[in-house]
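According to Swiss-Prot, the protein has these features:
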ACT_SITE  613  active site, for sulfotransferase activity
BINDING   613, 614, 615, 616, 617, 711, 832, 833, 834, 835, 836  3'-phosphoadenylyl sulfate binding site
COMPBIAS  65-78  compositional bias 'Pro residues'
DISULFID  817-827  disulfide bond
CARBOHYD  233  N-linked glycosylation site
CARBOHYD  350  N-linked glycosylation site
CARBOHYD  400  N-linked glycosylation site
CARBOHYD  666  N-linked glycosylation site
CARBOHYD  726  N-linked glycosylation site
CARBOHYD  802  N-linked glycosylation site
REGION    41-597  region 'Heparan sulfate N-deacetylase 2'
REGION    49-81  region 'Disordered'
TRANSMEM  19-39  transmembrane segment
């Protein structure tokens with residue numbers, strides 16, 4: 001029996017193992033079948049989200065304000081001619097949340113501002129320049145810092161506000177230690193704090209209302225339990241926003257009904273002390289406070305810092321015909337698109353969806369989706385159309401312009417075959433590739449194939465923060481800032497929206513999307529084909545947004561085609577026509593959409609910036625003798641210097657600029673540089689240079705400005721300048737403002753570059769002092785080896801070149817040259833080291849007096865920077881003191 005069991009047992013174990021394996025195989029098969037079924041079956045759709053409805057109840061819900069509203073008073077305009085349009089913002093710290101929110105709104109509105117830490121005793125910043133006010137408005141992040149100023153500072157600030165008609169905005173943020181009820185120090189105003197409120201309403205009688213549409217109710221509880229309300233019997237205070245206590249809140253002290261509307265934002269009309277104010281009983285986290293804040297800024301500045309009511313919006317739908325099966329539009333989706341467009345046209349004049357197509361992907365969806373493609377083409381004349389790339393390829397991947405143009409021609413041929421209009425003059429590159437950073441081939445192909453006049457991108461100057469996005473013009477094409485709206489190719493279902501559907505609704509109802517339209521006169525929104533299929537979130541979002549804007553604002557919404565829209569943009573912001581090129585390698589997103597055939601290693605590590613006639617050409621020559629240093633190739637059109645940052649060459653882009661430099665054999669040890677002596681006194685070069693070359697070292701050479709002026713005059717005579725030939729040097733430098741323009745132009749080129757401290761301050765605005773080297777021009781002339789030693793140390797160049805052995809003074813030339821074998825030398829050209837008569841005494845005395853204050857300011861600046869004072873400057877200051 002035991003032997004039989006030994007025989008049977010292995011067989012039974014084998015069958016059990018087989019059974020387990022069969023069960024596992026069956027389970028895996030079932031799971032695979034289920035996964036296939038789920039992935040291939042149409043998703044059970046929940047009901048489509050309905051756009052947010054019309055405005056909430058606009059009538060009063062309960063009693064109105066505790067006292068009758070004061071009749072509206074016109075704002076007291078600031079003394080326009082006596083104040084700068086700059087806002088002074090007192091913040092608690094550089095990182096405080098409310099302070100950052102205040103600054104973000106000012107920046108988005110393009111208002112100039114200056115931030116200061118809320119002052120302690122006696123720390124009030126300077127408010128005036130002689131009789132001119134520096135600020136048009138004062139904002140306190142913490143109202144108590146204003147109220148509790150020491151007597152001297154408070155008197156100083158209040159007197160300034162009264163004299164210059166400057167208003168104050170203040171925020172009271174309650175915390176757990178705040179008194180529940182207290183009188184605001186020095187004011188007939190009581191505060192009741194740490195309250196829970198509900199049912200917000202705008203007071204239609206508030207004088208400051210501009211963008212805000214009054215008499216609207218925001219029902220429901222307000223977020224948080226730290227709200228403050230204001231009470232006063234003084235006629236100077238007018239409620240702006242009002243709310244009710246939540247049912248569970250204890251009653252507010254005084255004769256106030258529980259159902260009464262309690263002011264959370266009040267406007268001080270200035271009847272108490274002559275200063276108009278707007279006081280907030282909370283921060284800016286609640287959206288309605290942002291809206292009122294913008295109106296308060298406009299009112300208190302007499303509309304000097306004020307946003308216009310006109311808003312232009314354009315909704316682009318990218319990737320038409322592109323998209324995987326299951327995400328594309330069907331016939332019903334196209335019908336809904338047409339229906340919503342018609343509804344929006346009743347609210348937004350001329351509203352038209354703008355469709356961007358890639359023809360290669362036409363009819364690549366399911367049968368239903370292909371029918372949707374046909375439906376779009378059937379109604380093609382109801383929409384605006386613009387080209388993407390034929391195959392949705394990123395343009396920066398095409399290094400050959402003709403190949404790029406061929407791709408565009410395929411898309412254009414598709415458009416012509418299907419009757420798609422091609423005359424809009426607008427295009428968008430997939431992923432904004434090639435628009436910024438500039439891919440020259442894209443701009444050229446766009447113009448040759450499509451006649452493009454306008455494009456848009458979210459990448460200039462950077463994607464984030466969005467409020468910094470700007471426009472520019474390049475190669476005749478206007479580039480507009482493009483905005484996101486929270487909808488991307490993967491956001492296609494309402495209940496699967498990242499962070500939950502409430503996040504989308506919050507963006508629409510006073511959040512990021514609402515603020516984008518509120519604070520930008522022109523908004524081009526990027527959406528995608530998939531946002532209009534499935535749950536049609538694109539339709540939901542923009543219909544809801546438009547209705548919400550019309551409920552709460554007086555904005556006049558409208559749509560323009562891209563070319564008139566771009567023209568309008570640059571009418572509003574003409575200062576943005578010129579771009580500001582930046583280093584593509586400093587932004588990962590930029591580097592990802594920049595040609596891999598390009599390298600930032602071709603950008604220079606240092607610049608010799610001038611000024612002219614100080615010895616910069618000699619430094620260029622001496623540095624070129626160093627094996628680790630390579631100069632830019634000479635320019636055939638601008639006297640060998642590139643002159644990129646201060647001439648029309650700048651608009652040719654950084655590709656043009658980098659073509660003047662070789663690819664270094666070793667980017668870490670090789671030093672590329674350029675010398676353009678006209679850079680020093682240019683108003684635009686420091687900003688442009690710092691944007692593209694933020695880590696570059698800057699070298700300038702300073703000589704006696706009187707000698708520099710005389711040298712320039714003689715230089716112009718040698719080049720046959722008729723003004724220099726017909727006027728003496730003294731006549732040039734002493735010319736009055738009534739003299740001929742050509743004479744005054746030569747005078748400026750002689751004198752203005754010598755305002756050394758003024759120009760250096762401009763450079764130091766954009767570059768840290770550690771990146772700036774000031775070379776003594778007199779030392780360079782008499783002992784160039786010492787100057788070159790300082791330059792090598794400043795740049796960190798290795799190996800170290802001994803210029804004492806390298807340079808030799810040439811008696812015939814009268815200056816230093818490269819020493820060669822056999823006692824020979826290699827020198828600069830014949831135009832360098834030119835000899836001319838000494839300056840006459842009258843001119844020398846005139847210039848000594850003329851440059852005295854400039855030289856004194858230069859001495860002070862060098863002292864602050866810890867840089868040595870050049871020998872010529874010491875001599876000039878000594879002579880001035882003796883005189």
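Cβ coordinates are placed from backbone N, Cα and C, and glycine is handled just like the others.
Among the glycosylation sites listed here, namely 233, 350, 400, 726, 802, 802 has its C-alpha nearest to that of residue 615 (3'-phosphoadenylyl sulfate binding site). Note on residue 666 (N-linked glycosylation site): other Cβ atoms within 10 Å of its Cβ, all shown chains, come to 8. Scoring each of the recorded positions (350, 400, 617, 802) by how many neighbouring Cβ atoms lie within 10 Å, the top position goes to 617. Under the three-state DSSP scheme, residue 802 (N-linked glycosylation site) falls in the coil class. Residue 233 (N-linked glycosylation site) has 350 as its nearest neighbour among the glycosylation sites 350, 726, 802, going by CA to CA distance. If you draw a 10 Å sphere around the CB of residue 615 (3'-phosphoadenylyl sulfate binding site), it holds 26 other CB atoms from the protein chains shown. Cβ environment of residue 836 (3'-phosphoadenylyl sulfate binding site): 714 lie under 8 Å away, each six or more residues apart in the same chain.
Here residue 817 (disulfide bond) is compared against the recorded positions 400, 617, 666, and the shortest C-alpha distance is to 617. Taking the Cβ of residue 817 (disulfide bond) as centre and 10 Å as the limit, one finds 21 other Cβ atoms among all the protein chains shown. Rounded to a whole number, the C-alpha distance linking residue 802 (N-linked glycosylation site) with residue 400 (N-linked glycosylation site) is 46 angstrom. Confidence for the region 'Heparan sulfate N-deacetylase 2' (41-597), expressed as mean pLDDT, is 92.
In space, 827 is the closest of the recorded positions 350, 400, 666, 827 to residue 617 (3'-phosphoadenylyl sulfate binding site), judged by Cα positions. Under the three-state DSSP scheme, residue 617 (3'-phosphoadenylyl sulfate binding site) falls in the helix class.
Cα spacing between residue 350 (N-linked glycosylation site) and residue 400 (N-linked glycosylation site): 39 Å, rounded to the nearest whole number.
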